[in-house]
Amino acid sequence: MLITVLKSKIHNARVTVCNVDYEGSLSLDEELIKQANLRPYEKVLVANVTNGERFETYIIPAPANSREVGLNGAAARSAVVGDRVIVMAFAMKEPDEEVDTTVLIMDEENNIKEVKKLKA
């Protein structure tokens, strides 16, 4: 039996761009993608802390060190610039298998304030 566990989380990032007319979904600073142990085009769950909405989408890389957290296409209807969001990715594993979970805690300017390494 496989179970689904949290693999990566970016907590309290600020939305910097909303572009309904852009092809793509969640544009995320390439450096944040690496630090959070995510991959371009990986499926993610996004929770908008500001309005309570949740939606699934995928990651597209934004320029490294831009601190961009952009919602594009239909996802842009789910937030406004300045909203706080949580980005989560999951992995499937055997119950006795260990998964390294990475959690990035962000500050107001989308700089990494803290990195947590957990075992799932």
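Easy rule for this one: first residue shown is 1, then count along the chain.
Cβ atoms are placed via backbone N, Cα and C, with glycine included.
Keep in mind the model is a prediction, meaning the values are calculated, not measured.
Feature annotations, reproduced from Swiss-Prot:
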ACT_SITE  Ser25  active site, schiff-base intermediate with substrate
ACT_SITE  Tyr58  active site, proton donor
BINDING   Thr57, Gly73, Ala74, Ala75  substrate binding site
MOD_RES   Ser25  pyruvic acid (Ser)
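Rounded to the nearest whole angstrom, the C-alpha distance between Thr57 (substrate binding site) and the residue listed as 'active site, schiff-base intermediate with substrate' is 6. Of the chain residues outside the substrate site list Thr57, Gly73, Ala74, Ala75, Gly24, Ser25, Leu26, Phe55, Leu71, Asn72, Ala76, Arg77, Ser78 have their Cβ within 8 Å of the site's Cβ mean position. Neighbour counts of Cβ atoms within 10 Å were compared for the binding-site residues Ala74, Ala75, and the top value is held by Ala75. The maximum pairwise C-alpha distance among Thr57, Gly73, Ala74, Ala75, the residues recorded as binding substrate, is 10 Å. Tyr58 (active site, proton donor) has Ser25 as its nearest neighbour among the recorded positions Ser25, Ala74, Ala75, going by CA to CA distance. Between the CA atoms of the residue listed as 'active site, schiff-base intermediate with substrate' and Ala74 (substrate binding site) there is a gap of 8 Å, rounded to the nearest whole number.
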